[in-house]
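Here is the structure we will look at, set down as structure tokens.
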């Protein structure tokens, strides 16, 4: 101090400089150096060292340049780490790089701070040793480190890594790297805290990140703030920016979401309703004005009469006939003459006719032995030429079908929620997490695993992704999606207990961690258990999965067992046998062993088809009862009993049974014919066609029999001649309806839908055969019955003959009298006719307004019987479904994957195109509300690139150059030649791709592809060069519940695929691929449900096409067979169209959706409608009454009773029974629709059509003059009821 006081300023400055130099020279810049300890987990821990940096040898500098080259930028050679530490540093960074290297800036940013605190020559500025321990030699090693770092660096590094994806799983990297939080709940602080947590199996000692604001300093430390690079910027000239799938900032600007059009409204009301209301109002006003003001009826209600029995003066018709009227009269005369001769001939030889017909029916019916009944839903509803069917066939043949799913849903019943207190606050768990409940579930799971199906166990058929096809599979190797996988099926884990800050840590804490991040708790098969699949009931209706989804509040557990599926059905024998035993076991378990606190639903892959078959068998009795009731009604009602004492003579039970047998014979013959041809039958044919043929055939029988009953035999006329004459009168009408219906159905077979096609073919043939048998076999049977009655023999017991005096002549029946005397006069009143027209027009307008609102689809629950376990499963699945089905985007075609330009068209990582296949799929997943894609697709090609980059993942056997697992230390590392993009070059791409697809993943090589991609890539060798001919990229749909969700998901996936296909073809052509080969490249989506829901994409167009073809065929046939009478043909078509439109309105009101089943019924309704219309219109056209009103009354009085008794009452008797069917599909699509068909058809045929004819029926035609040869009544379908 004395020296300083007496010194000059220069001396003082010199001494101060020496002190500063001394302090700087002695500063302790390092906190560690070298490795002093290796713990029980093989973690290396560093020696505590308070000294200056040491010189790094050249080999260490070379190692340091691999990941920390920025430390060497200033030619520095002294560091606070030795070579061993650098090796450990590179090894640790390599673990992260396996996941993060696909985004260079993320990896570079993260590596910077690791390099800094590991080897920086100025460690002490930002790091402090928090605690140490001594090794065996007494040296201190670091066990805890405080690292001062800026918030800016942590936030920017997190931001650059937040979107990095893991293609294998479709998840984000932070799902694997942020502990229990997962990517959705991760944050910069949580991520870095987890990376420094000593409880992390990869962390050798505790690293506590102490965050500081940017540019801040403390008395002791300057926070570390390494340079960061945004993810959308290149690290350097060699490393590009991150791709769109790993960095949102790199994504192209997405187009704005299309505005979903709101429902069209007018003044706040539905537009269709408003428009049709206006149409109805205007139409009604115009009709009333036209009826009451501008026209005058030619006959008043007082002058109205029915049934002019006198011969009308022909002078009223004497006007010059036009050409078509002459042609019509000739056609009518020709047909009547032909049928008269035909009927007389077959009536003359009844026994020969019956024998010949029976023989032909037997021969045709023998073809039933060759019939194949199709029950496979795919073959029923998907055309073999449909896009989805062909794509399914391609997928199944190339990649094997999707797994067979065996699933059990276990819901907690009357159990409370569990409130568990933790150091982070209380957590509410669902009732399924109780110890007893979980124990019961594990017990059930193990019993299922031990099911013995004649020597076949689950492990013999299950899917084991880490096992080769020929290797032995243990039960623990099977993929079972169960939350017990988090505990490796170890029940003792329920007793785990610990303490955290005074709170009891139990199995619930472990379960919560596993649910939050399944990758921390891999199941025994080696993969994660997705909580969205293994748990249920945690989503509210309409919710989708999000990052904040509370899985722990689930109220149901789901056990999913994956069983291998095969395109070769012969390989499924053992699986089918096991599934059968599984069903038997579950039914027995539910009945006898199920806990009261459980509600269990289950299914197997085969269950739906099994239950459909059982459903058909269970409703056989209902259908039979329905038909028997109709048979009894027909047999009884055909008789014309006038006196009780003659009831056994006048009844026609035998004839009725014969008529029913003829109907059944026509059905049998139709099935037999197509059995010979080889057209598969369906259960719909067995259930629907007899109903249809009865509706048509019985009506013709009623008309024929009741026309004869009202006819009087002429002088010197034999029975055979009378039968022939009656057939001549009704034959043309029978021909008209039968040919119309047959043509309608035959043209309906143009449908692509197999079930509709088969139904149309079988129905058309059955109706045609029924008509032929009616005019041959039934004529013979009818003639025999007439002779029996003439001889006063009893019905059935025809060998008993009564007295001759008992004969009573024919007269009118009660129903005929009611129609003629009561119903027809009432209906033909002017006020009634006006009311009928207005009401009918109102119903039509209302139906038109509501038809577009008919739901499309078929609720799968309706297809199951009410007592089916599958129905319970469907309901439970709908309640607990939390994830959509997987969807595979299949890429096929001639693409040279070894070419970098082509690779960039497909991949999603570094250097890949912004519109590549996987980038487009990623962008689609970001708009799941429009695309129905919930997760990005897996990418074998990106993972292959990452796998090939690792020097230790690829190994080969040096003896024969064959593949070796990377865990095999006896094998050599592959030397994969890389191109400028750090990918395998063109030669090695194909050489090592099979190695990648065979290598099992683990911690040291997470990108190995056997588990995820062994079935996703199909390749062949041409001239010793590997060519990938097809591959798929798997994503997931969002949650799909309704039919609309399913077919809209299909439609959206196809739009995405079409865009990708267009991009590929354009770029491949630009890259020089020949046009014909480029056009063969295609991307198409495939999911297991597509084949069932594709029909709904075109359901409206298919329906309108079928209806249009059917109605057009009826119009043409009616026009020709009605003697080229276009007026009558138009009236028939108008009425049938109104029936179908009103049936559509009924479908809306009665919640009947539009699908293949209802389409079959609609086509059938068109056929039955012909019966309600054509007889009346034909009779009207030949009526001899003076004006339209009287002619309408005349045809209705003669035809109404036959239509009412022959179709309406017959069908009502059978339909009511269907309401009691066990099958919901019978109740909805058969009872409701059949009921609607009969009611709507009857009201139009018996109410609307006669009124319509009274207004717009054909005027008095001149064909009567041309047809004056007949002195009797000129109608073909006169009939009366009893």
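Placement of Cβ uses the backbone N, Cα and C atoms for every residue, glycine included.
As given in TrEMBL:
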| type | residues | note |
| --- | --- | --- |
| TRANSMEM | 271-294 | transmembrane segment |
| TRANSMEM | 349-368 | transmembrane segment |
| DOMAIN | 619-784 | domain 'SSD' |
| TRANSMEM | 620-641 | transmembrane segment |
| TRANSMEM | 653-677 | transmembrane segment |
| TRANSMEM | 683-705 | transmembrane segment |
| TRANSMEM | 760-784 | transmembrane segment |
| TRANSMEM | 1104-1122 | transmembrane segment |
| TRANSMEM | 1129-1150 | transmembrane segment |
| TRANSMEM | 1156-1178 | transmembrane segment |
| TRANSMEM | 1199-1221 | transmembrane segment |
| TRANSMEM | 1233-1256 | transmembrane segment |
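Taking residue pairs at least 6 apart in sequence, the transmembrane segment (349-368) and the transmembrane segment (683-705) share fewer than three C-beta contacts under 8 angstroms.
For the transmembrane segment (653-677), same-chain residues at least 6 beyond its ends with a Cβ under 8 Å from one of its own Cβ atoms are 357, 360-361, 364-371, 631, 634-639, 685, 689-690, 693-694, 697-698, 701, 705, 758, 761-763, 765-767, 769-770, 773-774, 777-778, 781-782, 785, 795-796, 798. Model confidence over the domain 'SSD' (619-784) is summarised by a mean pLDDT of 81. Same-chain residues lying 6 or more positions outside the transmembrane segment (1233-1256) and placing a CB less than 8 Å from one of its CB atoms are 691, 824, 827-828, 833, 836-837, 840, 1131, 1134-1135, 1138-1139, 1142-1143, 1146-1147, 1150, 1152, 1158, 1161, 1164-1165, 1168-1169, 1171-1173, 1176-1177, 1180, 1188-1189, 1191-1193, 1195-1196, 1200, 1203-1204, 1207-1208, 1211-1212, 1215, 1218. With a cut-off of 8 Å between Cβ atoms, the residues of this chain six or more beyond the transmembrane segment (1156-1178) that come close are 380-381, 684, 688, 692, 695-696, 699, 703, 732-733, 736-737, 740-741, 744-745, 748, 753, 755-756, 759-760, 763, 767, 858, 1095, 1099, 1102-1103, 1106-1107, 1110-1111, 1114, 1118, 1122, 1128, 1131-1132, 1135-1136, 1139-1140, 1143, 1147, 1195-1196, 1199-1200, 1202-1203, 1207, 1225, 1229-1230, 1233-1234, 1237-1238, 1241-1242, 1244-1246, 1249-1250, 1253, 1275-1277.
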